[in-house]
Amino acid sequence: MTDNQQTPPPADLKDEFARKMAKLIAELKTNNQAELQALRSEIRKLRAQLVDVETAFRLNIARTWDELTTVLLAHEAKSSKRPKVLRRVQRAKSKKNKAPTPDSSKESLEKSSK
């Protein structure tokens with residue numbers, strides 16, 4: 001090393017290093033904030049889709065159950081000759097008719113899933 005070149009004192013090196021690190025950390029934070037915001041937005045979209053899928057699934061199950069009940073009650077009414085079974089079928093039909101249909105309960109399902 002020549003006499004013309006002087007090494008900076010260690011305090012200057014520390015300050016320079018600290019400034020560079022602070023600058024780097026600030027850049028990383030802004031990049032991370034943008035990525036974080038994008039990820040949060042994506043998560044909100046996926047949650048909304050999940051609610052839609054869950055609601056559709058529940059409604060599909062309700063419709064299927066309603067159709068199955070209708071078919072079973074019709075079969076029992078046709079095939080049974082016993083009065084006790086026929087009374088049960090009539091009671092079940094009247095309960096089924098009083099119950100809300102899957103389409104009318106769509107709003108309540110959507111409210112409960114949110």
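Cβ from N, Cα, C; glycine included.
Going by TrEMBL, these are the annotated features:
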| type | residues | note |
| --- | --- | --- |
| COILED | 29-56 | coiled coil |
| REGION | 76-114 | region 'Disordered' |
| COMPBIAS | 80-98 | compositional bias 'Basic residues' |
| COMPBIAS | 104-114 | compositional bias 'Basic and acidic residues' |
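Same-chain residues lying 6 or more positions outside the compositional bias 'Basic residues' (80-98) and placing a CB less than 8 Å from one of its CB atoms are 66, 69-70, 73. Looking at the coiled coil (29-56) alone, the prediction's average pLDDT is 89.
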